[in-house]
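K.L.:
My questions all concern the structure below.
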Amino acid sequence: MLKKVASGAILGTVCAISGYLIAESIPSFQPYWWARWAGAAAGLGVGLLTLALENLIKRIPLKTILGSTLGLFIGLGIAKLASYPFDQFLELPNLQIALYIMFSAIFGYIGLVLGGKKVSEVTAPSFLEPKKIHNKSLILLDTSVIIDGRIADIVETGFIDGNIVVPKFILEELQHIADSSDDVRRSRGRRGLDILKRLQQHKNLRIETVEEDLPQSGVDSKLVALAGKLGAKILTNDFNLHKVAELQGIEVLNINQLANALKLAVLPGESLYVQILREGKSQGQGVGYLDDGTMVVIENARRYIGKEVEVSVTSVLQTAAGRLIFSEIKNGATIRKV
């Protein structure tokens, strides 16, 4: 982002100075003090127009740009041939110029449009074609799952089988977060970039990027639209993105659901050893956690905070956020100091 702003500022400055010098060198403008500054303003306008054209052109495939350019030159050549008889037999310079401009506009426009549309029918060298995705199983990564980092560990286990695709707009969002003035956001963004680098270094995994931009406004909307276009799955831990994608028929792989599925299965009546860490919401309750992060609520365990006790599971509650285990101190429980 900073590089783009800096390059835009340099281009604008160069164009403004050039406009100033051009206006200063024109004799008819020299008597007017404001002419040089008008030239600088015009140069700055040209620079801004160039930046706008850059943003427009970079979304167009290279093959289309070359086809349109070739069509434009062919159209201008035809315009020159069409105006040649009038140049020979008419002795009206103004009419000759007007006819040439008219022919150039007509044939140039036709060549520009047809060249851009018909170039798709021509077999071009491979370097002009957009990058193809080679694997049948496509998995799109969203920003949240990259920053989360668990995807790198899952990939190393070999459970991910497919072609990992990272859209360009996801990379741009990560870069924007990494450039944030907020320390926490900047740290998260840089972590995401480090995770991507780690994924790219994996020997048995293919990471590809998609340059294609989409008209949708939000990153999540673009991701869902791209998944639909490519027939890909989305790998995320964003609950809202998960629901939106499912409503549009996109298959979603949610890391949080995977983590919940891998947690230790417990049934009412089973015994567990839990360290009581803090007081619960209800009077007398204590709260502890299993090794996998599952919260355990223990009745009448407040007095055992800081100790490890043997508890008996009474019920298990499954929520969207995960699993919650309710328990009570087991009769004759072993109590250990930690």
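Quick reminder: no glycine exception, Cβ is built from N, Cα and C everywhere.
TrEMBL: automatically predicted annotations, no manual curation.
Got these off TrEMBL a minute ago, pasting:
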type     : residues : note
DOMAIN   : 265-326  : domain 'TRAM'
TRANSMEM : 33-53    : transmembrane segment
TRANSMEM : 65-85    : transmembrane segment
TRANSMEM : 97-116   : transmembrane segment
K.L.:
Please list, for the domain 'TRAM' (265-326), how many residues fall into helix, strand and coil according to DSSP.
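P.N.:
Helix, strand, coil within the domain 'TRAM' (265-326): 3 helix, 34 strand, 25 coil.
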K.L.:
The domain 'TRAM' (265-326): mean pLDDT?
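P.N.:
Mean pLDDT for the domain 'TRAM' (265-326): 87.
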